[in-house]
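See structure below.
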Amino acid sequence: MLQKTVLLLALVAQVLMLENGLLRTPPMGWLAWERFRCNINCEEDPKNCISERLFMEMADRLAQDGWRDLGYVYLNIDDCWIGGRDATGRLIPDPKRFPHGIAFLADYAHSLGLKLGIYEDMGKMTCMGYPGTTLDKVELDAATFAEWKVDMLKLDGCYSTPKERAEGYPKMAAALNATGRPIAFSCSWPAYEGGLPPKVNYTEVAGTCNLWRNYKDIQDSWKSVLSILDWFVKHQDILQPVSGPGHWNDPDMLLIGNFGLSFDESRAQMALWTVLAAPLFMSTDLRTISPQNIDILQNPLLIKINQDPLGIQGRLIFKSKSHIEVFKRNLSDDASALVFFSRRTDMPYHFHCSLLELNYPKGSVYEGQNVFTGDIISGLHPETNFTVIINPSGVVMWYLYPVKGLGIYTMMSQL
């Protein structure tokens, strides 16, 4: 009953959300921050510094290596691109690292079928100390980004007060809309207010932003992934209703392809972010990423689930004494995704369960697929016991859909 109530609230809440027609499914793309941070030493490290070259090379990889065609279309600049403001107050990029300007990068991205995102901060300075967007500069900066043909703005919240943020984020949303250019708006607003009511009014946030950071920045470690997941689970009854087409909770970037996650942990982050209907922003070096990590990030069924048009955020539905957790996301056409997640740190665990225990209704027969192995699930009745073998800190993920009129069933006992 609780799950049905939350689903109803989610559908009602969507009527109150920002409707600029953008991001009807969670955005996908590449974002510089986690992997490249604020590396501005282009003399010592020209290949990896925050520069025009870096973003053009990542754009090439997105276009040529299959990413764009799967939906990874955003190429997002983060902090440390700004050179200052000119005599009229307009933002200018660093002239040495971005010699051709941001409009040039936008044109380059667009020529490859990509979209360009940019970063600023609702405060006197960005988090790394570059000129921010103060309240008196909101309209000017919005007009500048539109003139540069930018497609997304991430607006951080360092060096600002709660009062400035409460005024500034809605003001920027209005200013972006006034430009006439479709610019998706990514906000850090809730994260700076603690992420929860009463300090955060999610109805107002969702009426202002297309996506928003709720919690701490992700770091390149499994501990960081778990801390974010735990926070989302603890507050899922608050967070789930406000997420949906055009307005998404953002647990932060994907770490896959970097240094802090094992293979199973990488699969787990991808599966869990997918079931949370999270934006999928990679932040890795696409020039050197391994085939193994490409397979995780380019898994077509995972992407299909993430991009489901209903846009319902999944939730934790079952927690066992054996430290196995089950997450479910409801999808279009009565389909669903299940993630069996192991919190164990010892050895692969045989988890025994049935769909009935997971509150699937009697009277249906289900078919589907193991998302990572491709194994087919056929003729599964809710009453049927099954076993999944889950690696430590790993996942098994299923895509299921009901098949009507099927009176007999067969199924592999272990998937």
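Cβ atoms are placed via backbone N, Cα and C, with glycine included.
Neighbour density for LYS154 (substrate binding site): within 10 A of its CB lie 24 other CB atoms from the protein chains shown. Taken residue by residue with DSSP, LYS154 (substrate binding site) is part of a strand. What Swiss-Prot records for ASP78, ASP79, LYS154, SER188, ARG213, ASP217 is substrate binding site.
Cβ environment of ASN177 (N-linked glycosylation site): ASN20 lie under 8 Å away, each six or more residues apart in the same chain. DSSP assigns ASN177 (N-linked glycosylation site) to a helix in the three-state reduction. Positions annotated as N-linked glycosylation site by Swiss-Prot: ASN177 (among others).
Counting every protein chain shown, 15 other Cβ atoms lie within 10 Å of the Cβ of ASN201 (N-linked glycosylation site). Taken from Swiss-Prot, the feature N-linked glycosylation site covers ASN201 (among others).
According to Swiss-Prot, the active site, proton donor annotation covers ASP217, on the basis of similarity to another entry. The Cβ of ASP217 (substrate binding site) has 14 neighbouring Cβ atoms from other residues within 10 Å, across all protein chains displayed.
SER322 (phosphoserine) falls outside any helix or strand according to DSSP and counts as coil. Annotation source Swiss-Prot lists phosphoserine at SER322 (among others), citing similarity to another entry.
Feature annotation from Swiss-Prot assigns N-linked glycosylation site to ASN330 (among others); the stated evidence is sequence analysis. ASN330 (N-linked glycosylation site) carries a strand DSSP state (E or B).
According to Swiss-Prot, the phosphoserine annotation covers SER332 (among others). Take the CB of SER332 (phosphoserine) and look out to 10 A: across all protein chains shown you find 12 other CB atoms.
According to Swiss-Prot, the feature N-linked glycosylation site maps to ASN385 (among others). Cβ environment of ASN385 (N-linked glycosylation site): HIS352, CYS353, SER354 lie under 8 Å away, each six or more residues apart in the same chain.
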List the residues in the vicinity of the substrate site, defined as same-chain residues other than ASP78, ASP79, LYS154, SER188, ARG213, ASP217 with C-beta within 8 angstroms of the site's C-beta centre.
TRP33, TYR119, CYS127, ASP156, SER186
How many angstrom lie between the most widely spaced Cα atoms of the substrate binders ASP78, ASP79, LYS154, SER188, ARG213, ASP217?
16
How long is the line from the C-alpha of ASP217 (substrate binding site) to the C-alpha of SER332 (phosphoserine), rounded to the nearest angstrom?
31
If H, G and I count as helix, E and B as strand, and all else as coil, what does DSSP give for ARG213 (substrate binding site)?
strand
For LYS154 (substrate binding site), which of the recorded positions ASN201, SER322, ASN330, SER332 has the nearest Cα in space?
ASN201
Number of other Cβ atoms within 10 Å of the Cβ of ASP78 (substrate binding site) across all protein chains:
23
